[in-house]
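A short worksheet on the structure shown next.
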Amino acid sequence: MNEKIIIFDTTLRDGEQALLTSLTSNEKIQIALALERLGVDVIEVGFPVSSPGDFKSVQMLSKIIKNSKICSLARCLPNDITIAADAMQFSKNFRIHLFLGTSDLHVSSKLKKNFNEIIEMAVASVKQAKKFTNDIEFSCEDAGRTTLQNLYCIIEAVIKAGATTVNIPDTVGYTTPTQFKKIITMLFNHVKNIHQAIISVHCHNDLGMAVANSISAVEAGVRQIEGTMNGLGERAGNAALEEVIMTLNVHKNSLKVSTDINIKEIHRTSKIVSQFCNTPIPLNKAIIGKNVFSHSSGIHQDGVLKNRKNYEIIDPNSIGFTDYCSLNLTSRSGRAAVKHHMKKMGYENSDYNLNELYIDFLKLADKKGRIFDYDLEALAFFKKQQNTEEYYKLEYFDVQSKLSGLSTAYIVLICGSQTNIQKATTYNGPVDAIYQALNKATLYSIVLKKFHLEANGEGKDALGKVNIIVQYKLRNFHGVGLATDIIEASAQAMVNVLNYIWKSQQVNKELERLQK
């Protein structure tokens, strides 16, 4: 039977320390509830002595969290321990997490003590914490740079004093997986009473090895891993729990371990943390990045179409991923991907010439970069429109905004070679006003689904790049605009979309003609 690995989440404590602004009470509640749904065993919710606000947050969460064990951090100081316990008084199931520097550097330069004094402080603190709870975790801060002999001594002492979990942090992300595994192995071989406590690890990512170090520690016998969702944390962050969890899941048979995590909640939890912490998830972020389950190479796309397992070791649906794009159409895509997208749109092989379509597809992909389904349709059934000028052109626009938030937009839109349409609308904000005016001008009933703004370059002359996705007749269309003025970039993006919609309509007309 596989042994259970305890998952200890410190997103609300160590993760929050990395944020530019503190989380609000409601944001902390939403993240805590998401972590509970995920099935995290222990949630470290704060450092109560650090501020009155943190104390109140811990107190609030101690009333809300029911299924996971709640935990608070405390230095090995009497006042810290009392305040930590007081903050969690409303919880029936809490842990006090004590920490104290143990490396020569921390002992001498930070704490200004000798190691015997460190052991005395640690033992006294564990004994004090036992007055409030039987669940006590002790962390040897900077264990990765602590001499093994000192680790043996302090771990044996705190376990004897009543610590139920002993944490071995690689506080500055210094060790390699081989080195860290050796440290853990040596502890199990030399600390006499080590089996009387759960041994835990808390790895930082300064050298990019936090997850690898955590897994190597499991191989050595560790039964608790600490980390944060999305790898949040000071400096380079902590071990990313979603990566730890899925590594344990994928290799559960060889590692002979398991967790109580509901992996179906991983994607949702990650998005909640990303949203509230204002930390975008990189496209290529392991497990949760949008590119993880997307394929652009023609060879890979062909392999995925035959069997997803050829190039995917995780089923995206198993972790709650629903909004991923499986096959990106680029100049690297092969015929199999083009054929797959046409079939997905409902077209049979007999409806078009695949070889001709693929030749035209490559030409357009070299110019445009990424190709969408409506581009394929246009190439297959109305190829000539790809070489025509844009039907809609924005001749002029002006936006007047008021402090009330209302903005009035006036636009002049050229339609085809002759028609000029002039429209004015008042709406909430300048971008919405522009979009509503363009909507009225074209009579397209479209819904803005996504708006993304990013800077291309630095300083005041940087270009604003706007990417949008709109829905028209249950179909998504993509648009891009680039300008030093973000309102102009937004307008260009919408006009870009309007042209795609117009071209799509011409394709439909051509299909109707061919069917007659």
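Cβ from N, Cα, C; glycine included.
These numbers come from a predicted model, not from an experiment.
Annotated domain 'Pyruvate carboxyltransferase' per Swiss-Prot: 5-267, in sequence order, evidence recorded as sequence analysis.
Annotated Mn(2+) binding site per Swiss-Prot: D14, H202, H204, N238, in sequence order, evidence recorded as sequence analysis. There are 31 other Cβ atoms within 10 Å of the Cβ belonging to H202 (Mn(2+) binding site).
The average pLDDT computed over the region 'Regulatory domain' (393-516) stands at 83. Marked as region 'Regulatory domain' by Swiss-Prot: 393-516.
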Quick one: which residues besides D14, H202, H204, N238 have a Cβ within 8 Å of the Mn(2+) site's Cβ centroid, in sequence order?
T10, P169, T171, C203, N205, A210, E226, G227, T228, G233, E234, G237, A239
Sort out the sequence-distant neighbours of D14 (Mn(2+) binding site) for me: same chain, 6+ apart, CB within less than 8 Å of its CB, listed by position.
E44, T228, L232, G233, E234, N238
Reduced to three states, what secondary structure does DSSP give H202 (Mn(2+) binding site)?
strand
Test of understanding: give the count of other CB atoms lying within 10 angstroms of the CB of N238 (Mn(2+) binding site).
31
H204 (Mn(2+) binding site) has how many other Cβ neighbours within 10 Å of its own Cβ?
25
Would you list the DSSP helix, strand and coil counts for the residues of the region 'Regulatory domain' (393-516)?
43 helix, 58 strand, 23 coil
